[in-house]
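Presented below is the structure to which this report refers.
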Amino acid sequence: MSIGQIAIGRNRGYRKRLSKLGLLGWLAVFVLFIFGVIAIFGSALAPHDPNKIDLAYSYVGPIPGHPLGFDELGRDLFSRLLVGARTSLIGPIVLVISTTLIGTSIAILAAWRRGWTDAGLSAGVDIAVAFPGLLLAILLSTVFGASLWVAIAALTLAYTPSLARLLRSSALRETGMDYVKALKVLGFSDSQIIFKHLLPNLAPFIIAQAIIMFGYATLDLGGLSFLGIGVQPPTADWGTMVAAGASGLLQGYPTQTLAAGSCLVLTALSFAVIGDRLARIWGVE
Amino acid sequence: MSTPLIKVSNLSKQYGDLLAVADVSFELPPSGSIGIVGESGSGKTTVAKILVGLERATSGKIEVEGQDWSLPAKNSKERRERAKYLQIVFQDPYSSLDPRQSIGTALREALSISMKDSDEVIVRASELADLVGLPQRILELRPAKLSGGQRQRVAIARALASNPKALILDESVAALDVSIQAQILNLLVDIREQTGIAYILVSHDLAVVRHFADSLIVMKNGNVVERGQTEAVMDQPNHEYTKLLLASVPGPGWVPGKRSI
């Protein structure tokens, strides 16, 4: 069978299995799609300037043209929500992707090479796990200045070791399977076995970990923004909006926290549902 | 004796302080069969792994049709080249197949290494299923739907995909129940008649080895303690260990000993 035909066979199989995503799964895809569109076109869609301060409108409720009302500084909440989607989604997504890529690479390298490579990487991971992520973030932001990217880099460094350690043990179990040895003896190259067999078999586990991480990533990045290390004001961001709305919450104006919080929860939930469905499609039933 | 297909000379493997394989030598003639017998920990599986390049020998020499195989394949080209000579079937039928792949995909993938024409690959995959006595509909299924015996047949079919000159059976029937064992052993005999393939049978089970190994070596703690033609060794064992192994096989007239509680 030529490579092309193998690929076609694959696609057909995937399409058939993707229909197993179910109503909830497709709903989650839809939600993320909408958020994705908002994240890309948010600034164009926003009806008002998200950073225009007008203290006369502080905590004013919904009025025509302003469906969600205003925040504590009299900025249009709806516009801030739309514009905030980009930072709010990009932060955790970049964090989760970079952590997953680096963590998986370390885990597979250690499990595949074993011996000294494994011993060296595992020792490095053990040392890194012991280092607190928050401290690292504060340290990095002192050195490089506070920004979302520094926060992401710090949390990537903080998340990667524990993910690598988790994945390493499943990768070790998988590489110890006889089918991996049989494929080597059949003449397949390391990369063919890793990409066509090892990774797909580890995928459900990796995705499950990534989803759990997404929740933490949203919270931790929000927390860092709250501390002034992550997203810098006046940039709109759901995490910072939740934090900023906290004082309003006590005074009886919960709209900001609720609106931004629901967006965060909906995003995390959608990822969770899709991840769960994908895990089932990939055969962890 | 003609030129051997596989010639192993003074093979040794050291793990730290443990000498797992000590100075093992044997020859396998084309279409011949040799049994490597011993209890667990005797080093027989390590010999098998070194032969297929999954372990690196500490010292010694392996020649396959005159080519030097003493070290594992250096690159994937060499790996593919060696695949045409020697394949292996493992003990555990439950871990020897990728759970994500249907049987047909697994066989076609194995065939794609040496065959480029896709129609040919599909035809050959169903021929392989026939050869190992599996119904065609099984090609659609994933390993989870198969019994241990069926999986072991798939593992054999996959190993035969590269059309090897020799097949290592590393305790390949040990995990199966006795009636299935007999079926698989008969299948292996049939395959040898059809293809002229040579076998290296790694086993702790002398009854299995007697079934079709022409000659055998007996290993204990990494050393070869006895070697010879299967019949001769079975009928007239010289080494105490071989006698012990033989005595452990239940035969006609064997009475279970009373257990003291």
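Backbone N, Cα and C atoms are what each Cβ position is placed from, and that goes for glycine too.
Caution: TrEMBL annotation is automatic and unverified by curators.
The annotation domain 'ABC transmembrane type-1' is assigned in TrEMBL to A:85-275.
Taken from TrEMBL, the feature transmembrane segment covers A:21-45 (among others). Residues 82-86, 88-90, 263, 266-267, 269-271, 273-274, 277, 281 of the same chain lie 6+ residues outside the transmembrane segment (A:21-45) yet bring a C-beta within less than 8 angstroms of a C-beta in it.
Sequence-distant contacts of the transmembrane segment (A:89-112), counting only residues of its own chain at least 6 positions beyond either end whose CB sits under 8 Å from a CB of the stretch, comprise 35-36, 39, 118, 121-122, 125, 148, 151-152, 155-156, 159-161, 163-168, 170-172, 174-175, 190, 194, 198-199, 202, 206, 209-210, 213-214, 217-218, 221, 230-231, 237, 239, 267. Annotation comment: TrEMBL describes A:89-112 (among others) as transmembrane segment.
Among the features that TrEMBL reports, transmembrane segment is placed at A:119-140 (among others).
If you look at the transmembrane segment (A:146-167), the same-chain residues 6 or more away from its ends with a CB under 8 A from one of its CBs are 87, 90-91, 94-95, 98-100, 102-104, 106-108, 110, 121-122, 124-126, 128-129, 131-134, 136-137, 139-140, 202, 205-206, 209, 213, 216-217, 220-221, 224-225, 228-232. Summarising the annotation, TrEMBL assigns transmembrane segment to A:146-167 (among others).
Sequence annotations record features per position, and here TrEMBL assigns transmembrane segment to A:198-217 (among others).
Residues annotated as transmembrane segment in TrEMBL: A:258-279 (among others).
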